[in-house]
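To start, the structure under review is shown below, and the notes come after it.
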Amino acid sequence: MLVVSLIRFSEPLAFTSLFPYLYFMIRDFQIAPTEQEISKYLGYLALSFAFCQFLCAVQWGKMLNRVGRKPVLLFGLFGTSLSLLLFGFSTNYYMALGARSLAGCLNGNIAVLRTMIGEICVERKHQALGFSTLPLLFNFGSVIGPLVGGSYLLTRPSPHSPYEKAVDDTPSALLSSSFAKGIDKFRSKHPYALSNIVVCGFLWFSFIVGFLFLEETNEDVCKKRDIGLEIGDSILYFVFGRKRPLRPWHNGYSDPEQFSPEQIQQEGIQRERAGSTGLGILPFLSRQILRSSLAVAEDHNDTSVSSQRPSENTPLLDSSDSLSDNIDNAVQEIVEEGEIIEPYLSRKTSRSMSNAIVRRYSLALSYIPKREPRALTPQVITVILSNCIISLHSIAYNEFLPVFLAGRFQRDKLQFPFRIVGGFGLDSSYIGTLFSSTGIMGMLIVLIIFPWIDRRLGTIEGFRLSLLFFPIVYAAVPLALFTQNKYNASFPEWLTPIILYGLTSLKTLASATGMPQVMLLNHRAAAKQHRAYVNSLTMSMLALARCIGPIVFGWLMTLGDNWQIGWLNWWLMSGLALFGLFQLFAMRDYED
């Protein structure tokens, strides 16, 4: 789980490091005819990433079951680092567009991580904690990422807009050393590359740790030899003296969950002596015993199936019944294979009676027709729809809040409450600090507030509470523009920063508490054998939502700025979040 957490941390680190400078990067490319249309081209960048992710997410999901979780996860890290380097060294808009498209094609790691955490946290009581690590680590990465992307030492956007009058904006070297001059010259030529190189360094570190120490969780693939894991075991042995564990592909390996029939019988005796209400060996028998009974019955040709059905006249104890003997043999074979089972009955009885009851119930239940559960049930579709709505407005907020913050402040064109043009006029360093501080807030929320909400309200009610904050935040963002001291001198200068930090913290509260809940609901609604597919399909649909969101809201933001109604996209975003809240009442919690 520690290695999975490290890899999860690297993903948002790479994603959020772009936010502080994206607006300035597109501005410096001078691809937009006017400064008001920069948001539209930023939407195209987000569209390219999300659309390629939409096309490839399901294919990565299919690869999960064929080659395993680990290879897909490591390839995703490599693809992310490659695309980041291309993006940082981009010399024009179309090169940056291609780099973001490549990032969408090569990375399906979120679906992989969701699947792996579901396979690690198999008990229901651990699932809330397990899935809450995803937003926790996202917020942790969101602290470091914007600081790296917004750092003046690593990122050097032009201090003046090319859409204004030409000004000599050549930055001077901070230090007189030749090394400092070389770094300064490099930043002047590639102003956005150095921050991406730093992020790629961490991605490569995560790749190496994952290659050496990450264990495969796919039961069908984990028995194949893993050279990286063997090297990692050797490193731990030589450095820390840790004994090399036996792996599934080693000779002499035995499943730690395997029990011999004698162990099972002895455990049943001990449970009975301790006053357990179990049925001897029955609590250790698996559902597979009942499934195998049908095959045993089909091989028994002495009597017809109808004559073999147990009735009220069938004796409970009939050691002469050859069919019962065959069922006993099937039970014995499965027990010897090491299956661990849950009890089906709760009345205390003797072990001899237990064997008879197993035979009787096995024969009776073997006639119940079994249907393979569908992957896309109404419950799964409802959860995916809710997830898509959240993703749609969240990605629009994450992409366009930096644009709104970086937009030029135009006091003469503002009139409360409906006439809104431009933005707050903040620089990339301030934007990076704002996003980093809200990432810290998100970590505290996941560690302190989310467990309390999950205990008190449960999954579905906690999810509903989280979704209440989204429409409030989105509706208030454009109105915060009128609180600036430059607009109204009666407002103190500290008021606008407090409002911005408060709104972003509320948004973080909604995301940090809502995302674990929807992931839990998605995990529990899907059948076990379809979870990898459902997770990949969910990520594909989320990518489609992220594809639609930036292009639609980017166009609306440009339209609103041209028509001097900059609130348009924010209030429509608020309406969409409100619809998602109402849709949630059609959802219920599901048993795992």
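Note: Cβ is positioned from N, Cα and C throughout, glycine not excepted.
Some features that TrEMBL has for this protein:
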- 303-314: compositional bias 'Polar residues' (COMPBIAS)
- 251-270: region 'Disordered' (REGION)
- 301-324: region 'Disordered' (REGION)
- 12-29: transmembrane segment (TRANSMEM)
- 41-60: transmembrane segment (TRANSMEM)
- 72-95: transmembrane segment (TRANSMEM)
- 134-154: transmembrane segment (TRANSMEM)
- 192-214: transmembrane segment (TRANSMEM)
- 375-396: transmembrane segment (TRANSMEM)
- 430-453: transmembrane segment (TRANSMEM)
- 465-482: transmembrane segment (TRANSMEM)
- 494-512: transmembrane segment (TRANSMEM)
- 533-556: transmembrane segment (TRANSMEM)
- 568-586: transmembrane segment (TRANSMEM)
The transmembrane segment (192-214) vs the transmembrane segment (430-453): 3 or more CB pairs under 8 Å: no
Winner by Cβ pairs under 8 Å against the transmembrane segment (134-154), considering only 41-60, 72-95, 375-396, 430-453, 494-512: 430-453
Folded-back contacts onto the transmembrane segment (533-556), same chain, C-beta under 8 angstroms, at least six residues removed: 39-47, 49-51, 53-54, 57-58, 60-62, 64, 104, 108, 110-111, 114-115, 118, 375-376, 380, 384, 387-389, 391-393, 395-396, 399-400, 522, 526, 568-569, 572-573
Region pair the transmembrane segment (72-95) / the transmembrane segment (465-482), three or more CB pairs under 8 Å: no
Feature contact check the transmembrane segment (12-29) with the transmembrane segment (430-453), CB under 8 Å, 3 or more pairs: yes
For the transmembrane segment (494-512), distant same-chain residues with Cβ under 8 A (at least six beyond the ends): 135-136, 139, 394, 397, 401, 405, 424, 434-435, 437-439, 441-442, 445-446, 449-450, 466-470, 472-473, 476-477, 480, 483-485
Folded-back contacts onto the transmembrane segment (12-29), same chain, C-beta under 8 angstroms, at least six residues removed: 35, 38, 41-42, 45, 80-81, 84, 87, 90, 92-93, 96, 137-142, 144-146, 148-150, 155, 157-158, 161-163, 191-192, 195-196, 199, 202-203, 398-399, 402-403, 406-407, 428-429, 431-432, 435, 439
Cβ contacts under 8 Å made by the transmembrane segment (465-482) with residues that lie 6+ beyond its boundaries: 390, 393-394, 397, 401, 404, 414, 416-417, 420, 423-424, 453, 457, 488, 496, 499-500, 503, 506-507, 509-511, 513-514, 517, 566-567, 570-571, 573-575, 577-578, 580-581, 584
